[in-house]
Amino acid sequence: MRYLQLFEKSITMVNICENQAPEKLQGKYQAMAVCYILGVGTIISWNSMLTIGDYYYYVFPDYHPSRVLTVVYQPFALGTIMIFAYRESKINTRKRNMIGYMLSTISTFLLIVLDLATKGHGGMLPYIGLCAIVASFGLADATVRGGMMGDLSFMCPELIQSYMAGLAISGALTSAIRLITKAAFEKSHDGLRKGAMIFLATATFIEFMCVILYAYVFPKLPIIKYYRSKAASEGSKTVSADLIAAGILNQSESTNDDSKNQRLSNKELLLQNTDYAMNIFLLYLLTLSIVPGFLYENTGQHGLGTWYALVLIAMYNCWDMVGRYTPLVKWLKIENRKGLTIAVLLRFFLIPTFYFTAKYGDQGWMIMLISILGLTNGHLSVCILTVAPKGYKGPEQNALGNLLVMFLLGGVFAGVALDWLWLIGKKNVF
């Protein structure tokens, strides 16, 4: 009886909408716009760290900031997503995402506080403080990214694409702001620091805006209500708090009845999607073995001087953003599983290409290569994450979304570790 009460309203809503295509429900384009912004907010804190890397190299010249901070960030992100992927069916998605966005907001603001407290000076203690804040970025990223991807996996593919595009827009936006602030303050006293502070303040504001949007706007959009109600009718318990926030369920109607939560286990889902999991792992392993450490420390000296690494990062981010839109062109989207695997493996030919270009090529060739890296990373990411959840029930799609993000962050961690291999043979590394 209590179970019937739990799903009474959600089933009613599904019945109302069952003859109406989800794409025609009110609020689809608003939902896509909100997903863009939420995607930006998911990773803008980390992109902030990457993009102001030139400032941290100035403050901490002997500590390899781009490489060390990435190594600090990734174990926390990977450990967090592993826990969430294992327990996802019992976790309140609304609380999870809210905590993640709030943690990102606070952590980004603490970067400003740390810099003001130390007056922009380096040293071991400030660097340890910086590493601690970066670790919190890892916790926040895994908390939000896995939660959002799991949530969007049982909705229409356009929402996943919008969210993924937002992740890339975050990088492009941070690069644009960084280039503007560097140009504006390049010749002024303490210009690098002033630009970085304005940059971090902007990122903090965007993070705070995501907290408000996710709490009060996103759950009340009709298309979001539809898909969450549908997932609840299929046995998902992770959406209960969201349905309560949207006014579809009352707090008294929630229950822990497991009788309807029949779904494939995580192990079964993983076995059926091993190729997708390995593809997303290898995709990000390659990307993070080059970005950002190789770009900051292994590309040599060129005519662009101190602008060179920033331009390379900006080109990667811009083409990664473009790549996340190209799957919208139907004939460009790769849905064949073997085709995806072949495309991912072909990217590994970029490794020797980057090596010889850094050693013998000029900056034009390097810019072209980093553009190809970004374009293929964005395109294949969207293809894999939108194709994989098809054909499963809501609870299974949520679980699969979390599992794929776990392998994605695992690939990032492995890539960051392999990035150190570029330092072999260099003098005065430490």
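Glycine is no exception: its Cβ is also placed from the backbone N, Cα and C atoms.
TrEMBL has this to say about the protein:
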type     : residues : note
TRANSMEM : 33-56    : transmembrane segment
TRANSMEM : 68-86    : transmembrane segment
TRANSMEM : 98-118   : transmembrane segment
TRANSMEM : 124-144  : transmembrane segment
TRANSMEM : 165-185  : transmembrane segment
TRANSMEM : 197-218  : transmembrane segment
TRANSMEM : 276-296  : transmembrane segment
TRANSMEM : 302-319  : transmembrane segment
TRANSMEM : 340-358  : transmembrane segment
TRANSMEM : 364-388  : transmembrane segment
TRANSMEM : 400-423  : transmembrane segment
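Sequence-distant contacts of the transmembrane segment (197-218), counting only residues of its own chain at least 6 positions beyond either end whose CB sits under 8 Å from a CB of the stretch, comprise 31, 34, 37-38, 40-42, 44-45, 48, 51-52, 97-98, 101-102, 104-105, 108-109, 111-112, 115, 174, 177-178, 181, 224, 245. Scored on C-beta pairs under 8 angstroms, the neighbour of the transmembrane segment (124-144) with the top count among 68-86, 98-118, 276-296, 340-358, 364-388 is 68-86.
With pairs at least 6 apart in sequence, the transmembrane segment (340-358) and the transmembrane segment (98-118) have fewer than 3 Cβ pairs within the 8 Å limit; the two do not touch. Sequence-distant contacts of the transmembrane segment (276-296) (same chain, six or more residues past either end, CB-CB distance under 8 Å): 50, 53-54, 57, 64, 66-67, 70, 270, 309, 312-313, 316, 337, 340-341, 344-345, 347-348, 350-351, 354, 358, 370, 373, 377, 380-381, 384-385, 387-388, 403-404, 407-412, 414-416, 418-422.
For the transmembrane segment (68-86), the residues of the chain that approach it from at least six positions outside its boundaries are 46, 49, 56, 96, 130-131, 134-139, 141-143, 145-147, 266, 288, 292-293, 399, 402-403, 405-406, 409-410, 412-413, 416-417, 419, judged by C-beta separation under 8 angstroms.
Nonlocal intrachain contacts for the transmembrane segment (340-358), taken as residues 6+ away from its ends with a CB within less than 8 angstroms of a stretch CB, comprise 275-276, 279, 282-283, 286, 289-290, 294, 298-300, 334, 365-366, 369, 372-373, 376, 380, 383-384, 387.
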